[in-house]
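Listed in Swiss-Prot for this protein:
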DISULFID  C27-C287  disulfide bond
DISULFID  C109-C186  disulfide bond
CARBOHYD  N20  N-linked glycosylation site
CARBOHYD  N182  N-linked glycosylation site
TOPO_DOM  1-38  topological domain 'Extracellular'
TOPO_DOM  60-77  topological domain 'Cytoplasmic'
TOPO_DOM  99-111  topological domain 'Extracellular'
TOPO_DOM  133-152  topological domain 'Cytoplasmic'
TOPO_DOM  174-200  topological domain 'Extracellular'
TOPO_DOM  222-249  topological domain 'Cytoplasmic'
TOPO_DOM  271-297  topological domain 'Extracellular'
TOPO_DOM  319-363  topological domain 'Cytoplasmic'
TRANSMEM  39-59  transmembrane segment
TRANSMEM  78-98  transmembrane segment
TRANSMEM  112-132  transmembrane segment
TRANSMEM  153-173  transmembrane segment
TRANSMEM  201-221  transmembrane segment
TRANSMEM  250-270  transmembrane segment
TRANSMEM  298-318  transmembrane segment
Amino acid sequence: MESEGFSATTEQYEYYDYANETGLQPCDETDWDFSYSLLPVFYMIVFVLGLSGNGVVIFTVWKAKPKRRSADTYIGNLALADLAFVVTLPLWATYTALGFHWPFGSALCKLSSYLVLLNMFASVFCLTCLSFDRYLAIVHSLSSAKLRSRSSILVSLAVIWLFSGLLALPSLILRDTRVEGNNTICDLDFSGVSSKENENFWIGGLSILTTVPGFLLPLLLMTIFYCFIGGKVTMHFQNLKKEEQKKKRLLKIIITLVVVFAICWLPFHILKTIHFLDLMGFLELSCSAQNIIVSLHPYATCLAYVNSCLNPFLYAFFDLRFRSQCFFFFGFKKVLQGHLSNTSSSLSAQTQKSEIHSLATKV
């Protein structure tokens, strides 16, 4: 039994038509009344937190340019990718609140969908490069200077944005508006590239495109990097120098970012993979199972969206250097001095003064 299709009414990545996909009898429709009210509120919360948080990260990284760590450059671009996505959330909130009616025209339908997918790819690629950077810094600290130079980092960022842009292109090309009843919906339109009978193959291909290079492969690479890093740190744990301890603290922050990213995106990709297997005939889901997936899907998507506003708060919570930079660049020097006083009461006034400057500017 083939799937009825993954309704894209709550899915900004692949807007699948839940109705009659291949002439099959549809399952009972899911009641979306609760989602119409809840999801827009949730989107706007993510928008406000993501806009302010990622804006602070970008500003802080930009201001720290003379003494910027290599990791900071990737973190700044990660924040930029998240920011590009969260600015589209008011549009999706309006779309959902209006009962999935898109009043913004075809161009914004295409652009907003493109930015969502661009964010997903750019975020995971930035995290992968962050992990690789830590691998080089800790496992090959002496021989990796050239690979971690400013020019190499800029080249890697150019590759990240180029590949992210290319992988997100199907959304820009295939997404369009169409009238359905009294609503104008923002939907994937395969009519220009495929017959109705072959649409499932296009849907399956797009599903693989988002899950394999956008989640599974980067997660595998990051796991390999951290296995090597873990072995290195364990072997030399007792003899870590001060500089190595700084690398270890930064490593904890990056691992936290990766774990949170995986937790936020895993339910989305699991549901999408189950749908893909059902669509291609590898699974036979009952109507009740399909309805469960349909009901869970918007909330799995929301969890994925949360990742775009969480990262700045993770930096602030785990990274004293980032907090200090924020206080320093936004003029909260008294707050920073008080924080240092509480955490290091034995420091002399002169040491404390130099520590403020060091935390705010040192590599």
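Any Cβ shown, glycine's included, is placed from N, Cα and C.
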Selected stretch (most C-beta pairs under 8 A with the transmembrane segment (201-221)) from 78-98, 112-132, 153-173, 250-270, 298-318: 112-132
Selection from 112-132, 153-173, 250-270, 298-318, the stretch that has most Cβ pairs under 8 A to the transmembrane segment (39-59): 298-318
Stretch in 78-98, 112-132, 250-270 most in contact with the transmembrane segment (153-173), if contact is a CB pair under 8 A: 112-132
Non-local residues, at least 6 beyond the ends, that sit with Cβ under 8 Å of the transmembrane segment (112-132): 12-13, 15, 71, 74-75, 77-78, 80-82, 84-85, 87-88, 91-92, 104, 156-157, 160-161, 163-165, 167-169, 171-172, 175, 186, 210, 213-215, 218-219, 221-222, 225-226, 254, 257-258, 261, 265, 304, 307-308
Which of C109, C186, C287, all disulfide-bonded residues, has a Cβ with the fewest other Cβ atoms inside 10 Å: C287
Same-chain residue ranges lying at least 6 outside the topological domain 'Cytoplasmic' (60-77) that approach it to Cβ under 8 Å: 122, 126-127, 129-130, 133-134, 137, 148, 150, 153, 157, 160-161, 250, 254, 311, 315, 322, 325-326, 329, 360-363
Long-range environment of the transmembrane segment (250-270) - Cβ separation under 8 angstroms, sequence gap at least 6: 69, 71, 78, 120, 123-124, 127, 130-131, 134, 138, 210-211, 215-216, 219, 222, 226, 229, 233, 296, 300-301, 303-304, 306-307, 310-311, 314-315, 318-319
Same-chain residue ranges lying at least 6 outside the topological domain 'Extracellular' (99-111) that approach it to Cβ under 8 Å: 9, 32, 36, 91, 171-172, 175-177, 182-186
Neighbourhood of N182 (N-linked glycosylation site), C-beta criterion under 8 angstroms, separation at least six: H101
Averaged pLDDT score, the topological domain 'Cytoplasmic' (133-152): 86
